[in-house]
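Inspection log for the structure reproduced underneath, given as structure tokens.
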Amino acid sequence: MIPAVVLLLLLLVEQAAALGEPQLCYILDAILFLYGIVLTLLYCRLKIQVRKAAITSYEKSDGVYTGLSTRNQETYETLKHEKPPQ
């Protein structure tokens, strides 16, 4: 019943109101375009700020190697070559 009523109303409507005034569509398109540009700029600015904050916080801490110290002895010891007695 309801789909039949909706179909009947759609058939009786002569023309959509938005299609009658194309200038209004152009104005709304321009507003939407500017809105998209503003949102894109704000998003990029936010990403750059977050990245800079992450870099500075990483530089403040010692990073992955906190608590590790260098060994006092060398990894490879040198071999002493001695000639056999004759």
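Cβ coordinates come from backbone N, Cα and C, glycine included.
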Exercise. Swiss-Prot tags one of Ser61, Ser69 as phosphoserine; which one?
Worked result: Ser69
Problem set entry | For Thr78 (phosphothreonine), the three-state class that DSSP assigns | coil
Exercise. What mean pLDDT score does the topological domain 'Extracellular' (19-23) have in the model?
Worked result: 70
